[in-house]
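For 1-21, the entry in Swiss-Prot reads region 'Disordered'. As annotated by Swiss-Prot, ATP binding site applies to 48-55, 165-168, 202-205. For H55, the entry in Swiss-Prot reads active site, proton donor, with the evidence type sequence analysis. Summarising the annotation, Swiss-Prot assigns beta-alanine binding site to Q79 and lists sequence analysis as the type of evidence. Taken from Swiss-Prot, the feature (R)-pantoate binding site applies to Q79, Q171.
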Amino acid sequence: MIATGHGGAERRTTAGDGTARPVVARTIGELRAARAALTGPVAFVPTMGALHDGHRSLLRIARHHGDHVVVSIFVNPLQFGPAEDFDRYPRTLDADLAMCAAEGVDLVFVPPAAEMYPSEPQVRVSAGPLGERFEGSVRPGHFDGVLTVVAKLFQLVQPDVAVFGRKDAQQLALVRRMVADLNLPVQIIAAPTFREPDGLAASSRNRYLTDADRAQARALPTALTTAAAVAAAGGPPSEMIEMARKVLADAAVTLDYVAVVDEATFDEIDDAEWSQRGEGLCIAAIRVGGTRLIDNMPMRKAD
């Protein structure tokens, strides 16, 4: 059962099976009132909903880093381009709240778009040059939208730590850069990529895949694993990329990009630089059917 508390937020209650349900706040006022009642360190997991086992792993990591866990569920219109999947992005609020309850989340913020953006925002966070390459070049303005909503959520939730998945590596790098550049008092925790049994990185968009699409999509983690084997054997980035491209071409997927980069700056690492450093991140984006997927894997030269 969920009861209404002060300010209209649905307060924390216990279901018939003994599971404690989180407070659900739908307005900024409700969020602030519920947040004020939390004492001790707060860990925050921002999401767009359609929660899956990858999100579950984030919630469990958050629990280790705070006395309280706060989750936001908000499909942010600012980070979608005009031809992207905002309208069809999966929305599964009941299931999302059930997962939050099962994982002991204390507070869930579920604002409508009009609550976050009552008018067209005139001031936004710019992702700068880092936000213009790779994902940013394919999705112009995407990272400005991501950083704007994350900055707003940090301001509203006031977390001590926030947990982001490594699957969205460029987003993680940009959030870290924003926190450093704007002196935001939030520690960013990077969570390992959660992989499904067939190796595909968990993603809300995986549910778009048909069985045939999924069989093709498995080439993405295979390509990255192949590149990692090249790195471990002493091969340079050019060979890693060549071998990854071959795996993806054999699977007949559409390749947006594959590159070996520095995980903090997303500068590409060439063969000469690799010989000095011996580590980096192989990133790739593909399209299968009507679905776009991204993934990455660390590359390390054998000792």
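Any Cβ shown, glycine's included, is placed from N, Cα and C.
Features recorded in Swiss-Prot, as mapped to the structure shown.
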residue	record	Cβ neighbours (10 Å)
M48	ATP binding site	19
A50	ATP binding site	20
H52	ATP binding site	19
G54	ATP binding site	21
H55	active site, proton donor	26
Q79	beta-alanine binding site	21
G165	ATP binding site	23
K167	ATP binding site	20
Q171	(R)-pantoate binding site	22
A202	ATP binding site	17
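A202 (ATP binding site) and H55 (active site, proton donor) have their C-alpha atoms 9 Å apart, to the nearest angstrom. All protein chains included, S204 (ATP binding site) registers 19 other Cβ atoms within 10 Å of its own Cβ. Checked against S204 (ATP binding site) by C-alpha proximity, the recorded positions H55, Q79, Q171 yield H55 as the nearest. Here nothing among the recorded positions M48, A50, H52, G54, H55, Q79 falls inside 10 Å of the CA of Q171 ((R)-pantoate binding site). On the backbone, the CA of H52 (ATP binding site) and the CA of Q79 (beta-alanine binding site) stand 21 Å apart. Among the binding-site residues Q79, G165, K167, the ones whose Cα sits within 10 Å of the Cα of H55 (active site, proton donor) are G165. Taken residue by residue with DSSP, the residue listed as 'active site, proton donor' is part of a helix.
Ranked by CA distance from Q79 (beta-alanine binding site), the binding-site residues M48, A50, G54, G165, K167 have M48 at the top as the closest. The DSSP secondary structure for the residue listed as 'beta-alanine binding site' is helix.
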